[in-house]
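Here's the structure, in structure tokens; my notes come after.
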Amino acid sequence: MRAQIDITGRLIGAVVHLARQRAPRVVTSHPRSPSPRPIHSRTQILLFAAQSPLSSTESTSSVPMGKRAATVEHSTQSNYEAVTVTHADLDLVVDFSAKTISGTAQLKYEVKRSGCDALILDTRDLAIQEVSVDGAACQFTLASPHKALGSALSIPLPAGAGAGSQGSTRVRFATSPASTALQWLSPAQTAGGEHPYLFTQCQAIHARSLVPCQDTPGAKLTYAARVRVPEVMTALMSAVPVDEPGRTGQESGDGTRTFSFAQQVPIPSYLLALAVGQLESRELGPVSRVYSEPSMVAAGAYEFSETDAFLQAAASVAGPYVWGRYDLLLLPPSFPYGGMENPCLTFVTPTLLAGDRSLANVVAHEIAHSWTGNLVTNASWEHFWLNEGWTMWLERRILAKLYGEARYQLAASLGILRMQAAVTDWGTDHPFTALVPDLSGACHLTGRPCQSWRCGTAATSSGEEPRPLTLAPSLALPRRHRPRRRLFDHPL
Ligand SMILES: [Zn+2]
């Protein structure tokens, strides 16, 4: 995910502007600044670019890189290690007037440990209406809500369900208007101003307010879905549309249209995603399209025309692309994030529409997540640094393939500078500057301390040859902070 536009893209974009004798203006965001800091002059830009940690005299001797390394997952109440949901089959109806989604989730599960008598799922602000197991109605228990983690849904397993046994449960449910995963936009919040719009944001632990699930990056599942929406709208998900190539959905004759999807690569719950709006699309490449409201789709097709080149560069570094499709959804102007790496369908902000493709590095970043984070996933949110750290490294490798090694060196140098500035700003003993933060307390809702990914980038890049930077000894992971057990659920 990109929470803000990367300074590298803006800086390089500004240098391009300088070369074209156009007035430069670079804006950089600072984590705690009330407003962006503008850099106005050519001199300031070149001074900023010329600063290198190799020549910096700033002391980093007291920078902590983490307090703990054990894999502990605090973000879920589910028993995913004892009973694992392996597949979800979703039937969903989107109701814009009520601001709810209702439907059913048919969940296949596998028992991993004998002696377990229930499947426990995460929910938050969901109305659980009916539950059955292997076709038979059952009594379920919905616990009183935890402020951050929601209400655990306990579903009894058939007697004698030992390790290795499989089954399925069907849950009828409805979301609430208070769902933290669902962002309902009024027509006034869209570019077209005519129709409402819906998009989801499930990272870090919001999927539980969309569907009952095991809401942790430590559990993965495949899914299929059918989504009914108003007839004038298009539904998209983080999956491959089943009705390729038309993608017009199936008319129901009652003013609605149903779209079908399949995600056959196992994903963690935070990568579930849905968007519904009045959308058009343009082809970007053999496996890519850009979707947006009609008024922005041509600009999006121009801005993101390098998408296929990014995909090929990434595959040459990280291996085959396994997700089938890589589409982009350009969201309405009120979309509050830079980008989100939903599989098969990256969400991006229209603030990337610079007109000169200078901010397309955000797309390279989200493409990189197709391998780091989406395919190989951190087993707990405490080790989120592995996700974003490796992704920043791969993003820069993609850009180096296209634009040369100097691009990598510049981006890596600026990244280290930003990390050092952030650590100085927040303080060396602040939890947000820990490489492996303790999320057992108040950090549940975000689950992604803002600086751990920058520290992670430094850690994951430290073995690079040629090394972009020489890390100060204090920035290398001390032995006591090195991982003591497997962190990835697949070998890297
Ligand atoms: Zn990211």
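The backbone N, Cα and C atoms fix where each Cβ goes, and this holds for glycine too.
Heads up, TrEMBL stuff is auto-annotated, nobody curated it.
Restricting the average to the domain 'Aminopeptidase N-like N-terminal' (87-271) gives a pLDDT of 96. The domain 'Aminopeptidase N-like N-terminal' annotation in TrEMBL covers 87-271.
Look at TrEMBL and you will find 311-431 tagged as domain 'Peptidase M1 membrane alanine aminopeptidase'.
The number of other CB atoms found within 10 A of the CB of Glu388 (Zn(2+) binding site), across every protein chain shown, is 26. Residues or ranges marked as Zn(2+) binding site in TrEMBL: His365, His369, Glu388.
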CB contacts for His365 (Zn(2+) binding site) [other CB atoms within 10 A, all chains]: 26
